[in-house]
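This report concerns only the one structure given below.
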Amino acid sequence: MSLPSPFDMSSEPGSLQREGTHANEIAMRQMNYPEAFYRRWVLTTAVSFAIVAMSTWEALLRTAHTQLATSGPGGMLIANIAAASLISLTTLPLAHLTRTTPSSAGQAAWLSRLAPRTHAQKASYHVGFLAVLAWQALAASSTFAAATEIETLAACNANAPDRFITWHAAIFGTCIAVVAVLANTRFYRVLPRLSAGWAGMHIGAAISVGWALSGGIKPGGVKAFPRIEAGPWTSPWGAALLGVGPAMAAYLGADAAAHMAEETRDSSVTSPRAIYISVLGNALLGLGMAVMLSLQPLPRTPPAPAASYVALFSAVSGRTATIFLSVMMIGLSIGSAVARATVASRVLWAFARDGGLAWLHGAQTVDRVAGSRIPIAALAITCVLTSGLCIANTTSTVPYAATAQFGALALLLSYLAPAGMAAVRAPADRSRWALTSSVKGVVYGAVAVGLAVAVVVVCFPARPVGRWGGWVAELNWAPVVLVGGLVLGEGCWWASARWAWFSPADRVVREPLGDEDRLAVDGVARGVVEDTGRWDELECRPHSRHGPTDAVR
């Protein structure tokens, strides 16, 4: 049985779903969510923001040597095709759920409506906690990656590539975190336009890098499909399957537009479209970059310590072109760090607003800064965590690798839970392009199975772990960090969240709409109360400031 949504605006079962910014605001009030932000993002800026947050082809360029060492050029190409196809299909349930529930809570809001009633509260809490940890990890790792690229370019420009100083990178990372804070406070009113500029730079840089890489292809050298190699593994096809793990991390971030929904105009339409366009655009650019990289005579051992694309640019172009392309890459990395810090702060704020971080006072507050409404406390927490990771990497790169791998694993799990439930119990969507129930179940089920396989693959290391020295750096620490995150989330649940957590599904009220709202959006109240099996125990009166007054626990 399909669950009704406060955003299901149809007055008749066969009519089309009505949209509009005012309709979204009314539906948010039905869930006791006041308008916390100004809605300044439109379709073009939302798409630009999501594209910059994902930064797919840049991530592939950074990890090209790792993928080549795992399965060779053919295995890298197959892994990228598999990862791009899976993420493109994942946009179907993500966009559908965003359309029916466009909330900054994202995965937690979706699962709270899809999970069985007896388990919805705790399940939505843990998925929301995973989403918070995942985006904090992605923001921190992208910031340190940008700082590493700055330091690497400086060392190579000084003709001393081995003189990489880690504490310099830590300082650069802290400075980038401060830039992210400034972009989200003082300059937040122009951040949509900055995102559009970064997106244009993203596309232009992809064309420039592709043109430069084409110079490294020998005439007549492409005669067959690139070979698949076993690398350090025993089977070539097994190595290609394990190569999906590093490739998958480059295509993640499809939910960035969903977490900005409460700041987007007409979010029930704009946010799903932004998900579709950004993911498909990044997938095409990523596949194009994978094809170009698979045809390059790259060395199989990446130069230390990072930013292997500097050596790649040096091999296919001159010194001036190398510096120009590297500077563009650094600019894009800073833009991605700013975008991911923005998303991370919104996810943290939404989770705290629903009571998931009751012990962290102030994280759910929104303050007025420079004519905008900003979650200052959540943004400050994100900046502190990012700076802490940059400082932790001064002695070893293991924390950076573990954080990046954990971010990919946790985000995949946060996709898997709502996508799997949507295959069984998808909410109603009466839009013109909505899938039928049977097709929806098959497609969403296939997506859930693919995500489950990707979760298992991401847990493997890039190469077999040695028995003796070096195993600490070679081991994939993401499952270990994930277990620690789950234990932390369970501890927070029993300490405070089990009393304070109110998922979006718990917040729906049955209070009648005013005449003006009823004219703007008819059928909202009826759509909320149709499913008596889910809402029959909620009182028909306004909720308290912190959630439902009489929700059954």
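The chain as shown is numbered from 1 upward.
A Cβ is built for glycine as well, from the same backbone N, Cα and C atoms used for every other residue.
According to TrEMBL, the features are:
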type	residues	note
TRANSMEM	37-57	transmembrane segment
TRANSMEM	77-95	transmembrane segment
TRANSMEM	123-145	transmembrane segment
TRANSMEM	165-184	transmembrane segment
TRANSMEM	196-217	transmembrane segment
TRANSMEM	237-254	transmembrane segment
TRANSMEM	274-295	transmembrane segment
TRANSMEM	307-332	transmembrane segment
TRANSMEM	374-394	transmembrane segment
TRANSMEM	400-421	transmembrane segment
TRANSMEM	442-463	transmembrane segment
TRANSMEM	475-495	transmembrane segment
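Same-chain residues lying 6+ beyond the ends of the transmembrane segment (37-57) with a Cβ under 8 Å from its Cβ atoms: 21, 142, 189, 192-193, 195-196, 198-200, 202, 206, 209, 250-254, 256-257, 260, 262-265, 267, 270-271, 273-275, 277-279, 281-283, 285-286, 288-289, 332-333, 335-336, 339-340, 342-343, 366, 372-373.
Most Cβ pairs under 8 A with the transmembrane segment (307-332) among the ranges 196-217, 274-295, 374-394 are made by 196-217. Under the criterion of 3 or more C-beta pairs below 8 Å, with sequence separation of 6 or more, the transmembrane segment (400-421) and the transmembrane segment (475-495) qualify as touching. The highest tally of CB pairs under 8 A with the transmembrane segment (274-295), across 77-95, 196-217, 237-254, 442-463, is held by 77-95. Of the candidate ranges 123-145, 196-217, 237-254, 374-394, 475-495, 237-254 contributes the most Cβ pairs within a distance under 8 Å of the transmembrane segment (442-463). Counting C-beta pairs under 8 angstroms (sequence separation of 6 or more), the transmembrane segment (165-184) fails to reach the transmembrane segment (77-95), with fewer than 3 such pairs.
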